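J.: Straight out of Swiss-Prot:
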BINDING   Tyr621, Asn702  substrate binding site
ACT_SITE  His656  active site
ACT_SITE  His681  active site
Amino acid sequence: MGWNQTFLFLAFAATAASSLVGSGTSLQLNGIDYFVSPFSQGKVTNGSVAINTRQNQLGFVPATVIAGDLYTESTLQSLFLNWSTVDDVWQPAFLETIFVFNFAKLTNKNHNYHDGVSSSVFPLQVTHKIPSGPYFLNVHTGEVHPAYRLYDDFAGAFTQSLLQRPDGRFQTLSAQVPAAASITIGVPSRLYFTKTEAKPLAGVRIGVKDIFSLAGVKKGCGNRAWYHLYPVANSTGTAMQNLIDKGAIIVGVQKTSQFANGETPTADWVDYHSPFNPRGDGYQDPATSSAGAGSSIASYEWLDLAVGSDTGGSIRGPATVQGIFGNRPSHGLVSLDNVMPLSPKLDTPGFLARDPCLWNAANAALYRDKYTFFGHQAPRYPKKLYLLDFPAGNTSHAPILQNFVTKLAKFLDTSPTNIDLNKEWERTRPTSAGDQSLAQLLNTTYAAIISKDQAKLVREPFYRDYAAVHDGRLPFVNPVPLARWTWGDSQPSSLLSDAVRNKTLFMDWFNGNILPPSSDPLTCSSGLLLHVNGSADFVSRNRYINPPVPPFGFSNSQISLFAETPDSVFPLGQVPVFSSITNNTEYLPVTIDVVAAKGFQLQRDWARLRAILAPALYVDYTKIGKEKWDAMSADDFMAMVSNDDFLGDPCVKTQHLIGATYWERVSESKVIGHHQLRAAHQVYTSPDLKTVKLRGHSHATNEHYYVKSNGVWKFAGLKPEVRWNEYKFEEVFKGSYTQSEKHS
């Protein structure tokens, strides 16, 4: 075989082995840019379609599908008028070709439902339901493809535009509209989706911070080297899957400051350019680390929600400076698997939103049964309203804040109380804190936790993996995370344990003395604490800043992250401020933070306990002078432990610490855990948990029994043996002593 023949053979072989896969098509209809999904929604007719239209492009024509039969010929025009109002994807140009489910109801097959548009109506011939709305019809196959409207990300909030695939994975939405150094985002028609009890987020468009893994998507964490080093994710994390399962449509990945550390534009943002804050003169700091999330919600009406994370203020900061809703929930409400950590001890996922009703529905979808919602019953509102470090009355935003406080106090039927956290600490601080002030106790706590945790969990494996494929080189890292990691390296390993101890000291003090949880499930929080996180002043991005330093100090915004309490931002209004950039008066938002007690449901979650119980439990209390049950039913066990005489007592707070442990494998379906325990208890004079009546601690060993039931491991009983007690342990539970002694 000659050289030319060999070349031709190899070229042919290479061609035969290649594949051509469609990734969608971009079209323009009446001056509006669209993306035609590569995935068919189904056939509206069998075979090709002969349609006389001037709109045919690449075999696609715009079409409207009407799937239901709840219409008449006379109501179609009002239906289309309503569609123009509720949907930004559909437009009258889609009316040239209409497919209707109940074709026989129409007597006129050619009609003008909109001025200037002549409609041809065809029967909808399908065996499965195609949602109503705008589509692009492939005239050769009779298949309709969903229409996505394309928008320019002019605020620079996104890193990737995504398309959800039918198999649950994601791929890049391959389209670009005319723009200057910004990407294009595609959104599907809202008409395709119907909200139901099972799908309360159906059709809700969401952007996701670039630290959450999505199946089929490469994650960057704000670092170019990271993005190019690691492959696409194989699975979607629990938090994002919760939203998808409830109907959410994820349209793109959004910018984060690098590795979710706090960065200031513009110098700190080296690998990627910081998103733009649309408020004021348009050149203000968007705050971080959920910068893309905040910027997008403040900039785009076509986006409904953005998912961010809050470790030290990464949601609340962007919400504050851009005048939108944002929340840091109680810590630990949802798993953060497949999420890049700053510190698991502090990380929480939350939302940035414009619509409080949608915000509420999203919270319920994300946090599931750990989210308390009073939509179906009347709550009892707390009567304590604390004001923390409110601005002086002569500041521009003070009147707006005071107006809100006045209305809230009236609604709660209470009076606000100014609180000095430092004085309260000095008056009631635990003895183990010594003479330290809050500022002294917590000065390095945040810096120590995030620098030590992230260096171990993120930097070390990242550096190792990068070096393995780049001849031992180090990847580039922005100045802020690098400065924090470097400082952490210079500190002793004991710094982290000291920081965790100090955080716990503050958490126990705050949750016991300032905002204890309420025993009333219709109240949850004993009070509300209001503080102001922003001053309605310009913080421009066109300024030179000093080199980064570790985040030392303690501020009111850190209360919730150390106490693990919810802290939500509410926009209230705006104030005029003169801009030297525009040489004009612009407006900046005014917001307020509302802190509540750590979720009551997290203190005693009986539903979660019931779910892990075996049908029958072996309960042996003979070693502590009580009875033994060889086969106590799960319901009886729940009734016993949740009784007011036992763990259900709202005046008792308990904490169990596990020490040494070993496991005994009895069989394939039974295991015994041998645990060393310290059970600490405090009894309060009332359910507000303000005043301690007595303490009682028990040191014990405990056998916990576990059995496999229907393939799932369940808790099947316990056998405690007390070694010694401290204080008045015998008087902790009301069921442990005589009626005459009860809480006298």
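Glycine is no exception: its Cβ is also placed from the backbone N, Cα and C atoms.
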J.: Select one residue from Tyr621, His656, His681, Asn702: among these recorded positions, choose the one with the most other Cβ atoms within 10 Å of its Cβ.
T.: His681
J.: Does DSSP put Tyr621 (substrate binding site) in a helix, in a strand, or in coil?
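T.: Note: Tyr621 (substrate binding site) is coil by DSSP, not helix or strand.
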J.: Rounded to the nearest angstrom, how far is the Cα of His681 (active site) from the Cα of His656 (active site)?
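T.: Cα to Cα, His656 (active site) and His681 (active site) are separated by 9 Å.
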J.: Rounded to a whole number, how many Å is the Cα of His681 (active site) away from the Cα of Tyr621 (substrate binding site)?
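T.: Here the two Cα atoms lie 19 Å apart.
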